[in-house]
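> Would you mind keeping the following structure in view while I ask a few things?
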Amino acid sequence: MGAWAIAVHGGAGVDPNLPKERQEEAKRLLTHCLDIGISALRSNLRAIDVVELVVRELETNPLFNSGRGSALTDNGTVEMEASIMDGPKRRCGAVSGLSTVKNPVSLARLVMDKSPHSYLAFSGAEDFAKKQGVELVDNEYFITEDNVGMLKLAKEANSILFDYRIPTVGTCGAGAAAMESPLQMNGLPISVYAPETVGCVVVDKEGRCAAATSTGGLMNKMTGRIGDSPLIGSGTYACDLCGVSCTGEGEAIIRSTLAREVGAVMEYKGLNLHEAVDFVIKNRLDEGKAGLIAVSKNGEVACGFNTTGMFRGCATEDGFMEVGVW
């Protein structure tokens with residue numbers, strides 16, 4: 001019997017001027033989700049069940065960018081995506097383009113468990129959801145007043161807003177900053193901060209690793225855009241060595257297959273988890289901005305990011321628990 005470990009994230013890239021009360025609200029939610037995961041692990045739930053349970057909780061709360069509270073497309077609608085992976089046999093499921101599924105991560109789990117495929121998207125994923133009897137809601141359920149306001153700012157700035165939850169005070173200046181940002185995505189200007197995707201990684205007492213990631217994507221993204229979160233090996237990966245969930249600039253994460261890289265350098269370079277996370281953040285992102293959380297089969301937990309901050313929390317069986325932003 002090994003030792004369990006769990007980590008959660010609410011996205012890499014944090015506004016340095018984020019009000020203290022918003023920081024504390026985020027930390028309370030992450031602590032709550034860690035407590036849910038810890039209780040499940042103590043009840044001997046498998047890692048794959050725990051990551052789904054925790055991400056469902058994050059999707060239900062509008063604080064972060066997944067499920068309710070998802071970022072809006074340039075048409076003002078929500079298109080959500082998620083993935084989940086079970087390390088022991090590298091089984092996986094992923095979904096994109098969801099507009100009515102209340103908990104995208106659970107549909108990704110059903111794709112893994114109840115379909116012959118690994119990835120379903122848009123109308124095909126919605127049809128599959130109906131056949132599986134998952135809970136469906138109107139698209140308006142996911143749309144919040146804050147996000148409507150942020151979409152308006154993004155359109156006025158003619159830009160994709162990465163950190164769409166920058167406080168409304170002074171946000172006209174934030175729009176202008178987005179236009180002048182030195183950062184680029186595929187050659188086009190973007191603002192400085194990353195979207196608040198959510199994720200969870202777990203290793204259970206049996207040494208089984210699992211990972212899950214869920215997001216609404218980028219504010220003011222083009223309709224039909226698919227990011228890293230549903231892409232196995234990029235935003236999510238789990239194997240017999242580790243489980244990884246990523247967040248940040250999706251296009252950079254995709255190009256670097258960031259999540260898989262952690263497992264690859266552990267396997268082929270013989271690095272431990274902390275060394276592997278540090279290596280990929282420093283050497284695989286080029287000029288991209290991102291972060292990740294990871295666990296190993298040995299009960300280690302690690303996180304890494306090259307952004308201003310990352311909403312994150314982790315806990316291990318020996319009593320260690322930490323929640324942080326910066």
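Quick reminder: no glycine exception, Cβ is built from N, Cα and C everywhere.
Feature list, courtesy of TrEMBL:
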| type | residues | note |
| --- | --- | --- |
| ACT_SITE | T197 | active site, nucleophile |
| BINDING | R225, I226, G227, D228, T247, G248, E249, G250 | substrate binding site |
> Max Cα distance spanning R225, I226, G227, D228, T247, G248, E249, G250 (substrate binders), Å?
16
> G250 (substrate binding site) to T197 (active site, nucleophile): how many Å between their Cα atoms?
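Their Cα atoms are separated by 10 Å.
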> How many neighbouring Cβ atoms, not counting its own, are there within 10 Å of the Cβ of G248 (substrate binding site)?
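G248 (substrate binding site) is surrounded by 29 other Cβ atoms within 10 Å.
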> Tell me, how many other CB atoms lie within 10 A of the CB of G227 (substrate binding site), whichever protein chain they belong to?
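A count of 24.
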> Are there residues of the same chain, six or more positions away from R225 (substrate binding site), whose CB falls under 8 angstroms from its CB, and which are they?
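Same-chain residues close to R225 (substrate binding site) (Cβ under 8 Å, separated by 6 or more) are T73, E79, G217, L218.
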> Check each residue in the chain of D228 (substrate binding site) that is at least six apart in sequence and keep those whose C-beta is under 8 Å from its C-beta; list them in sequence order.
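Those within reach of D228 (substrate binding site), by Cβ under 8 Å and sequence separation of 6 or more, are S234, G235, C246, G250, E251, I253, I254, L258.
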> Same-chain residues six or more away whose CB lies under 8 A from the CB of I226 (substrate binding site)?
E81, S96, G97, A121
> Could you measure between T247 (substrate binding site) and the residue listed as 'active site, nucleophile' for me? Cα positions, answer in whole angstrom.
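One finds 6 Å between the Cα atoms of these residues.
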> What is the number of other Cβ atoms found within 10 Å of the Cβ of T197 (active site, nucleophile)?
35
> For the residue listed as 'active site, nucleophile', which of the binding-site residues G227, G248, E249 has the nearest Cα in space?
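That would be G248, the closest of G227, G248, E249 to the residue listed as 'active site, nucleophile'.
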